[in-house]
Amino acid sequence: MAVSALQLWRMGGLLRRRFPTCLSPWKIPPRVLKSSQPEALVSLTNNAVAFAPLQTLTDEEIMMKQTVKKFAQEHVAPLVSSMDENSKMEKSVIQGLFQQGLMGIEVEAQYGGTEASFFCSVLVIEELAKVDASVALLCDIQNTIINNLFRKHASEEQKATYLPKLVTEKLGSFCLSEAGAGSDSFAMKTRADKSGNYYVLNGSKMWISHAEHAELFLVFANVDPSSGYRGITCFLVDRDTEGFQIGKRENKMGIRASSTCQLTFENVKVPETNILGKIGHGYKYAIGSLNEGRIGIAAQMLGLAQGCFDYTIPYIKERMQFGKRIFDFQGLQHQVAQVATQLEATRLLTYNAARLVEAGRPFIKEASMAKYYASEVAGLTTSKCIEWMGGVGYTKDYPVEKFFRDAKIGTIYEGASNIQLNTIAKHIDAEY
């Protein structure tokens, strides 16, 4: 098994037309916004409390960020266009994520994990999304939802059985949504009826991410529909379980390399030992994991938007029209300044929410704010970048239009934008 870079550190296409030289099809942008680059945390010489800027990172966080950036540029970027076109995640990318230790970021070392921080997960997701949002989502769900559900709610036996595989080779899938239970996720109809030492699952799930490659499915089903959401329980279902079927992948607009499938359960027998946590507590686990997961999606949208912005700015600084750079037109400068400001605000919202999680402080409102705002800014940023690049940005020869397509999902999954606004308003009402 390959050792992650962080663990080692701890131990010791031709252009069809003539365009500015900075523009190269499906390549990593040569320049990035300086203000988006973090600085290492400096040691204070006095006893004062350190109130460091939110973008100030520890040496470990800097190392993680640099490692992921290198991995994304060298191993993901060359495959992004083909994965999008073929709607398929390359196995080499999945294997690379495991080999780099990026699929067990917070998992304890005793289970083979990297044992880093939640904030490190956010940095990893952001860096991957600068290159491909689909790969970032793969890493996001595995870390912020699947692994953390096990870390917080699994029995010691379940942790010992599943976590070592989840951090090295096995993908997990979070199965909550149904055809009639999207934003109202607790209106689910999937049932789990007791039968001896087993529960028998019947029903279906929709819009399930990574179902095509996942080997372990965390399925939420109701053991007592008469109790409403208080009967919802989380079951561990292996891919090869009899009666469990995975449907065809959806032909999506964006994040096409990330599979999304329907699941069907026909008298699927699951042993009692495969219940995650307590019976009837599934709704608590789902809410808790999604609250943290929304910060991951905020990081994905932030990285996606920043990656698109970084790709576009060098072009408009070299593209000449009317005898001068198009960047020199004041109208365009104002648009660029507005987008850059919104990106910075997104980064601060996202980082702040992540730091709140690490500090053990309330973060639900801030997570919703980060997810909502990051999704809106990603849509605006990618749209503007296409406009700034003109016809070039509208073609599939360059990644800007893909960033635009990928961005739209941010306002939909893991809590639509209106749901985030509801959550924010609910907290404001309580605070006043």
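Every residue, even glycine, has its Cβ placed from backbone N, Cα and C.
Residues K165, K205, K426 are shown; Swiss-Prot lists N6-acetyllysine for one of them, K426.
What Swiss-Prot records as N6-succinyllysine, among K65, K189, K278, is residue K278. Checking K170, K284, K324 against Swiss-Prot for the annotation N6-acetyllysine singles out K284.
Record check of K70, K88, K152, K194 in Swiss-Prot: the feature N6-succinyllysine is attached to K70. Sorted by the number of other CB atoms within 10 A, the binding-site residues S177, S209, N291 start with S177, the lowest. Here S183 (FAD binding site) is compared against the recorded positions Y283, K284, N291, E414, and the shortest C-alpha distance is to E414.
Checked against G293 (substrate binding site) by C-alpha proximity, the recorded positions F174, G180, K284, E387 yield F174 as the nearest.
Taking the Cα of E414 (active site, proton acceptor) as the reference point, the closest of the binding-site residues Y229, N291, R294 is R294.
For the pair G390 (FAD binding site) and K426 (N6-acetyllysine), the C-alpha distance works out to 42 angstrom.
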